[in-house]
Amino acid sequence: MALSKIDGEIDNIDQEKYLRQATHYYCALEKPLKFGPAVDSLPDLISALHREFDANYVNIEMVNHLMLAYKSNPKEWRKYAKFDRYTYTRNLVDAGNGKFNLLILCWGEGHSSSVHDHADSHCFMKMLKGELREKRYRYPNRGGDEEQQQQQQQQDHQHINDHELVEIGDKPIPVNDVAYINDNLGLHRVENPSHTDTSVSLHLYCPPFDMCNIFQSNGKKIPAKVTFWSKYGVRNKANEQ
Ligand SMILES: N[C@@H](CS(=O)O)C(=O)O
Ligand SMILES: [Fe+2]
């Protein structure tokens, strides 16, 4: 029967391959799904994510919904929130059985990331506390869809050096909102613009990655290893990968 054939195909999906392919069309949900499940706490979010990733076929819209549906409660995430004086920190909350990484990022006053990509993974970034600003850039020299080719033609027309980073967005992310990006949507740089307050964000990456690229303003791409400042609420030197 046709239906069981589709079920069978879904069962045979290579989850990692499927997730990477989905970055070509997935954009983002602005609001939680009207009839989507409720998420009452951080442990609840983690269990719901595990359930979602247990099946081979992952509904990426549902992952987006779950991230939106969680309402930040500092009591639940405080134990993971470890700051450094000099740079933002990446703190592993859950390794998702190797299928996703959930991290708490802690941003001191004025801290920012470099312009970077996300290794062909989905990146959901939920604000838990404070302010963050996200600047987006076109991914340089990325072949592909029509829109990008049009952008490229426009730039050629305007004699913009095709290697230079071109800004395509700049917006604040309010608390409890979720920003979504993947390499097909562009690169970004995230900054805590406040000089008096720290910020905290919750990031979900799927598939997980340990290398990405950072970009200089001339578009030069430099591979970079990503590391964890702490794992499961515990900071020690051995955590540094
Ligand atoms: N993607 C960055 C954080 S951000 O600037 O989006 C990271 O995982 O370190
Ligand atoms: Fe990022």
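In case you wondered, yes, glycine gets a Cβ from its N, Cα and C as well.
Same-site candidate for Fe cation binding, as annotated by TrEMBL with His116, His118, chosen from His24, His188, His195: His188.
Excluding His116, His118, His188 themselves, the residues of that chain whose CB lies within 8 A of the CB mean position for the Fe cation site are, in sequence, Ser113, Val115, Asp117, Cys123, Ile181, Asp183, Leu187, Arg189, Cys212.
Cβ contacts within 10 Å of His118 (Fe cation binding site), excluding its own Cβ and spanning all protein chains shown: 20.
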